[in-house]
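Let me begin by presenting the structure, written as structure tokens, before commenting on it.
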Amino acid sequence: MSSVNQVYPVIWQSDASGNAPDRVLLIDQTRLPNEYAFVEISRCDDMARAIKTMIVRGAPAIGVAAAYGMYLGARELDETERDRFLAGLEGVAETLRQTRPTAVNLFWATERMLKVARQTLGSVDYLKQALLETAKQINADDIQTCQAIGGHGLSVLPTSPEKLRLLTHCNAGALATAGYGTALGVVRSAWQAERLERLYADETRPRLQGAKLTAWECVQEGIPVTVITDSMAAHCMKQGMIDAVVVGADRIAANGDAANKIGTYSVALIAKAHNVPFFVAAPLSTIDFSIADGSQIPIEERDPEEVCQVGDTILCPPGVDYYNPAFDVTPASLITAIVTEFGAFVPSQIQTELQSRKIV
Ligand code: MRU
């Protein structure tokens, strides 16, 4: 596979010939790193399936995909009467909301699309067009948001050593967003500023997003990357091999507790024990001010096969039970700063700070 210059996991494709319906192209993330292939989506149900099966994954990318899913669902509605159309659109939103419970960007994006539909005056056709434009806007905005996160993240990274060794968990890169990355956006900014020596990537059992996706992204960009198993992070920190940890988030509560890929909490505990700063990089759309703390964040449980099987190989004997929570919650007290597009915040003060700056 030749290297990919710019990674856009969700692409809107208009068909100028008019022979096929306009559609969404998704990088099939279940096939990376072995194959770089796209899946065409032109129906809402197919988009919901793609989110559930993790063809598209990562909180902001799920949000972008869901926004296009809302438009595709709207396009399938025959209603020409406004109220009936809006009722149908609620059903479309519900189909998408049922896919993955933890990443709040999914709910944020569907709500934003519903709001646009409710607030736009005009014919149903006009509403549909407004929905498409909003989905495109959500997509475009996310790239700029991540670039801003990258810049703010760079400014709070330790000032010494000059060249940093960073550790990340899961994939919070271009693949997980519209095309730049949150945690990996910070890594990318550090690399561009010549402040990065190397990225360590936890493999991230059970789905291996670190080994498969983060490593693949780094190879595309020529960023030096070392993949370690999740169990090696403590040893690496004890050996003084890591200067800071940067991870993404799927949902952040008002008090700064942050849900992210399972295993993140362990990394935060290890970082605390070794005095290594631990940063969470996420857009404002990942903060859920409606919940007070992390105990209220719904944690997705996925198929046990993800734990007992690697590829076609079954790991355990018959008769074993499995538990497969896809996310865990890192308490705010273990997080050095939450880096957003509006700057870096002490987790426990993020709500009051954003309020005093009239951002929320
Ligand atoms: O289950 P996934 O692969 O969707 O989980 C992804 C993560 O946990 C990411 O770290 C998070 O969504 C942030 S992506 C910028």
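Any Cβ shown, glycine's included, is placed from N, Cα and C.
Positions annotated as substrate binding site by TrEMBL: ARG57, GLY58, ALA59, ARG100, GLN209, ASN260, LYS261. The annotation site 'Transition state stabilizer' is assigned in TrEMBL to CYS170. According to TrEMBL, the feature active site, proton donor maps to ASP250.
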Diameter of the substrate binding set by C-alpha atoms, the set being ARG57, GLY58, ALA59, ARG100, GLN209, ASN260, LYS261, in angstrom: 17
Protein Cβ atoms within 10 Å of GLN209 (substrate binding site), excluding its own: 27
Neighbours of CYS170 (site 'Transition state stabilizer') among the recorded positions ALA59, ARG100, GLN209, ASP250 (Cα to Cα, within 10 Å): GLN209
Separation of alpha carbons, the residue listed as 'active site, proton donor' and GLY58 (substrate binding site) (Å): 8
Neighbour-count leader, CB within 10 A, recorded positions: ALA59, CYS170: CYS170
Chain-mates of ARG57, GLY58, ALA59, ARG100, GLN209, ASN260, LYS261 with C-beta within 8 Å of site centroid, substrate: ILE62, ALA103, CYS170, ASN171, ALA172, ALA176, GLY248, ASP250, ALA326, PHE327
Same-chain residues at least 6 apart in sequence whose Cβ lies under 8 Å from ARG57 (substrate binding site): GLN29, ILE51, LEU175, ALA176, GLN209
Three-class DSSP secondary structure - the residue listed as 'active site, proton donor': coil
Most crowded position, judged by CB atoms within 10 A, among ARG100, LYS261 as binding-site residues: LYS261
